Amino acid sequence: MIEKYRVHEVAKDLGVASKEVVDLLAANFQGERKSMTALNEQELSVIFNHYTNQNQVESFDEYFAAGRARKEAAQEAARQAAEQARAAQEAARQEAARQAAAQRAAQQPKAPAPQAAASARPQQQGGQQNRPQQNGRPQQGGQGQNRPQQNGRPQQGGFNQNRPQQGRPAPQQGQGGQQNRPQPPRPAAQPQQQPNRNQPPRQRGSATVDMRAGATQVELDRYNEKYDTLAQQKVGNQNMTAQKQKLTQRSAERRRGKPVMSRKEREDAKMRRLELERQRRKNLEVALPEEMTVGELAARLHLTASEVIKRLMTLGVMASISDTIDYDTAAMVAMEIGAKVEKEVVVTIEDRLFQVENEDDDSTLVERPPIVVVMGHVDHGKTSLLDAIRNTNVTEGEAGGITQHIGAYQVMVNDRPVTFLDTPGHAAFTSMRARGAQVTDIAVIVVAADDGIMPQTVEAINHAKAAGVSIIVAINKMDKPHANPDKVMQELTEYELVPEAWGGDVPCMPVSAKTGNGIPDLLEMIQLVADTSELKANPDRMARGTVIEAKLDKGRGPVATILVQTGTLHAGDAVIAGSTFGRVRVMLNDRGERVEEAGPSTPVEITGLDDVPEAGDVLNAVEDERLAKELVEQRKHEQKEAQFSAYEKVTLDNLFSHISQGDVKELPIIVKADVQGSVEAVKQSLEKLSNEEVRVKVIHGAVGAVSESDVMLADASNAIIVGFNVRPDPVAKENAERDGVELRFYRIIYDAINDVETAIKGMLAPKTREVELGRAEVRQVYKITGVGTVAGCYVLEGKITRNAEIRVVRDGIIIADDKLASLKRFKDDVKEVAKGYECGTGLNKFNDIKEGDIFEAYEIEEYRES
Ligand SMILES: Nc1nc2c(ncn2[C@@H]2O[C@H](COP(=O)(O)OP(=O)(O)OP(=O)(O)O)[C@@H](O)[C@H]2O)c(=O)[nH]1
């Protein structure tokens, strides 16, 4: 377990200022930390990493070996010092004995010398304890010096080294009572120099912070050393005070009730912690999210932010601590330090609530009916065809059966159902697609045999192509005398739809909605196309479907038609549809019959929702009602947020950034022009602009004003609309603004091509706008031969500048747009003339100036949309 430290303790241990640690933490974590703040494991990790990185060792084995060597060297030095001390003491003793003998010899000249020597010996052993110190320095510990230690605990620190230590005899012991002997001169024989066996050698005088052994005590050692010096100058109890202070760190720990650890133990613990950290990083397995800030990455990798920033720089990514980086970049950094990386799986409420698609393995999938939409030009017979199909079925299946419009219905073809969306036209189809609902499998494009391909037929074709659904063409009104299916097929080829009869892959079925001719064949063809598409779904799971229609019924409350796409919906199921929630109360099929369950591709009308969902909303049956309600709340909140920040649609201005970010690989364009020739010309020129990074694709081109349908298609396909000599209709303009669809209008094809080209290259020319400069009134007009017409003007407002564009306005109508050819005050050319002054002007081209004309001066300013 990692101990808890306070900032100031860590700082002290590391020998740095608390502020430095506080700053380091501030750079890596949020929130303020003070010197008394207790640190958690992660914070300690970051701190230790930081200082460890500053003081790295190649290998820990090497380091430990170095530590051992240092220790042995210190022990050797201590042994030598003790040796020298012994020698010095021996010399001193002999000298003292010699002097004593000499003294005695002097006092008792008659006594024989050997006797004197013998009598001196017992005196040395027993009587010298109370002899005054010869070096004149007061002894540390005062009276206590001669007393053996009572607690039996070996003392640490520098003070007690002169005392005899129980259990660990000082080198002098055994020589008898020499504790009070004259102290040999320092340093050679100073017992203080003896290393404490429990301590690593001190790194005196070193201010470098070193996380290796002993380094964590560097400052404490220096502090203690200072006290050694001070204490030696003091006597008695003062020493005790000093000792107390010196051991502050340990006593503080004791006060906190922590087990008191020796320095060695502390260092060992620290080393263990470091080793653990090293191992942990080696075995680090991190799950990284899609995006994260540099600071978050650093915390997850147990690195300092600066370390991560450095590593990012080597990868060519310049990022600050608060910058967001993507998964790939973060993963590279993580892998560089040897961590195993995987993507963080973000489990959303949706993930927890709904069974995901890929849970369905092939064995669970069974065939499902195809879902068909009917589209085509106005009056070509869509409604008639849908009615004819339904009636065919009703008369065949259940004569007199009630048909009810619920937005979709099923018919039986060779005893197998086919589902038709009952809303003809591509508007509903595309609006659902714009909401992300891909419901249909097959599009039947209805073309009247007597009319051929018309603008909305082309739209329908393009909408179907954009949705990627199979296309079947129903050539309708074959009963009509002018029916010309060959012409229709011929025209189809112009839109890359080659009829099967001509070797292509588009089935073209001649039918008559009026007589019913060809309808069974059409249905069989639908079935055939569906079979080749292998449409499958798993019926044995919670249902998922799409809201086709929804309304508020006075009697029944919210009513929604759901097309179940996978799974089976049961009456009584708890469901969530968009941001509505409820339980399926009553479920009716397309014939108005009450049903208890509905499998894949079945349309049903349900009641029981708490609100009216929107067409295109996805419906899910759920098990956990509480979670579902939570999700509904979340979706409502998201909807509100989305209203504020509209999803950024591709525009020519932001195209390049989308391409650079890899968001856009294809630029879909809708071209509208005044004549078909222009549509074709533009289409071809634009598509030629495709390069390796982006493919320009004209998904729809037609003659006429930009319509609501164009905007809808652009919205669904994230396309931009380019118009030539056409204007948008008011609804289209409003919808485009609402949906963020870009409309660009040009009068010259070259300009459009140029804009798209530069946009792709990220060099779109800035937009321009007029800046009004001033107005002047023409007071007199002179015709000068060789020069032309010159107008004497008076500046009414603002100013007129030499480079200004001039709009000549007569009686409120613009009659010319020109540039100034000259601007004079009296005879001098001037750069500008301000309000209230007169000037003489000439225009470049326009000569028919009259008195009373107003010259509006303006400039064209370039700007970029941010
Ligand atoms: N002779 C003949 N007339 C048909 C046929 N199909 C449709 N019509 C007629 O064509 C007209 C338009 O038919 P609708 O079914 O309303 O066409 P639509 O495409 O649904 O028209 P909108 O809903 O206005 O887009 C009606 O008068 C139909 O009676 C057909 O096969 N033969």
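Including glycine, each Cβ sits where the backbone N, Cα and C put it.
Whatever TrEMBL says is automated annotation, not expert-curated.
A quick note: this is a predicted structure, and the numbers were derived from the prediction, not measured.
The following features are taken from TrEMBL:
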- 376-383, 422-426, 476-479: GTP binding site (BINDING)
- 75-91: compositional bias 'Low complexity' (COMPBIAS)
- 97-138: compositional bias 'Low complexity' (COMPBIAS)
- 145-181: compositional bias 'Low complexity' (COMPBIAS)
- 189-205: compositional bias 'Low complexity' (COMPBIAS)
- 234-250: compositional bias 'Polar residues' (COMPBIAS)
- 367-534: domain 'Tr-type G' (DOMAIN)
- 75-211: region 'Disordered' (REGION)
- 234-270: region 'Disordered' (REGION)
- 370-518: region 'G-domain' (REGION)
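Locations of recorded TrEMBL features on the structure.
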residue : record           : DSSP (3 states)
Gly376  : GTP binding site : strand
Lys382  : GTP binding site : helix
Thr423  : GTP binding site : coil
Met478  : GTP binding site : coil
**Report entry** Those residues of the chain, 6+ apart, with a Cβ under 8 Å from that of Met478 (GTP binding site)
**Finding:** Ala449, Pro485, Pro510, Val511, Ser512, Asn517, Gly518
**Report entry** Around the Cβ of Lys382 (GTP binding site), the count of other Cβ atoms that are within 10 Å
**Finding:** 24
Query raised in the report: In this structure, which of the binding-site residues Gly376, Asp379, Thr423 has the fewest other Cβ atoms within 10 Å of its Cβ?
Result: Asp379
Query - Tally of residues which DSSP labels helix, strand or coil - the region 'G-domain' (370-518) - result: 50 helix, 37 strand, 62 coil
Query raised in the report: Which of these binding-site residues (Asp379, Lys382, Thr423) have a C-beta closer than 6 Å to some atom of ligand 1?
Result: Asp379, Lys382
